[in-house]
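**Q** Please read through the structure below; I'll follow up with questions.
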Amino acid sequence: KLTFELPTPTLVLGLPIEQHICCRGKDSQGEEVIKPYTPTTLDSDVGHFELVIKMYPQGRMLHHFRELCVGDYLAVKGPKGRFRYQPGQVRAFGMIAGGSGITPMFQVARAILENPKDMTNVHLIYANVTYEDILLKEELDSLVANYPGRFKVHYVLNQRSFIGI
C-alpha cells in the first residue's frame, strides 16, 4: 500500500467511482512505462490517495515505485474507465476479483457501503493462489464487520496454505 500526498491537505483526488488513473514512470532500463491503477481511497479520504500494488519481481512499474522517495512526485493521468456506478442503481451488486484486481472492487464496495443514502448489498468472491496472496484482507474483513448483512466476502484459494501450524 503506497500513500501519496496531494498538493494541499484539503484537496481530494476527485476520481469518479470505479475510475482509474494511469501512472507514468521509468523501468530498470530507463524506458517509460505507463500502467493503470485504481486508488483504494475515496473523496472522503482528504489530502491523499492510496494505491495497493502487488510487487512482482519482473514488474516494469515496480522499479519506478521502488525508486520513489518521500517528497518525489508521481506523474498521473485520468480519470480513465467506462463503468459508472449510480447509488441505488441495483438492490445487490455482485463482484468477482482475483489478485490485484481487488482494488476497483474495494473502491466500489467502499463507495456503496459508506454512502448512507445507498442501501445496495454487496457480494464479493475474491480468488487468490494462497492465503498470503490476499490483498486488503484486513480492510475487507473490516467492511464485513462494519456492514453486517450488507457486505459479504467469500475468499477462494487455488492452493491450500496452513497458517499458524
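Glycine residues also receive a Cβ, built from the backbone N, Cα and C atoms like all the rest.
Since this is a predicted model, take the numbers as computed values, not measurements.
Checked TrEMBL, it gives:
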- 1-86: domain 'FAD-binding FR-type' (DOMAIN)
- Pro36, Tyr37, Val52, Lys54, Met61, Thr103: FAD binding site (BINDING)
**Q** Taking the mean position of the Cβ atoms of Pro36, Tyr37, Val52, Lys54, Met61, Thr103 as the FAD site, which residues outside that list, in the same chain, have a Cβ no more than 8 Å away, listed in sequence order?
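**A** Other same-chain residues with Cβ inside the cutoff are Lys35, Thr38, Leu51, Ile53, Ser100.
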**Q** In the domain 'FAD-binding FR-type' (1-86), how many residues does DSSP call helix, how many strand, and how many coil?
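**A** Taking the domain 'FAD-binding FR-type' (1-86) as a whole: 8 helix, 27 strand, 51 coil.
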**Q** For Tyr37 (FAD binding site), write down the residues of its own chain that are at least 6 apart in sequence and whose Cβ falls under 8 Å from its Cβ; none is a fine answer.
**A** His20, Ile21, Cys22, Cys23, Leu51, Ile53, Thr103
**Q** Do any residues at least six apart in sequence from Val52 (FAD binding site), in the same chain, have a Cβ closer than 8 Å to its Cβ, and if so which, in order?
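**A** Once residues fewer than 6 apart are set aside, Val52 (FAD binding site) is near Lys1, Leu2, Thr40, Ser100, Ile102, Thr103, Phe106, Leu135, Leu136.
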**Q** Quick one: give me the count of other CB atoms within 10 A of the CB of Met61 (FAD binding site).
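**A** Excluding its own Cβ, the number within 10 Å is 20.
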**Q** Averaged across the domain 'FAD-binding FR-type' (1-86), what pLDDT does the model get? Just tell me the whole number, please.
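**A** For the domain 'FAD-binding FR-type' (1-86), the model's average pLDDT rounds to 91.
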**Q** Counting across all protein chains shown, how many other Cβ atoms sit within 10 Å of the Cβ of Thr103 (FAD binding site)?
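**A** Result for Thr103 (FAD binding site): 22 neighbouring Cβ atoms inside 10 Å.
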**Q** Hey, what's the Cβ neighbour count for Pro36 (FAD binding site) at 10 Å?
**A** 14
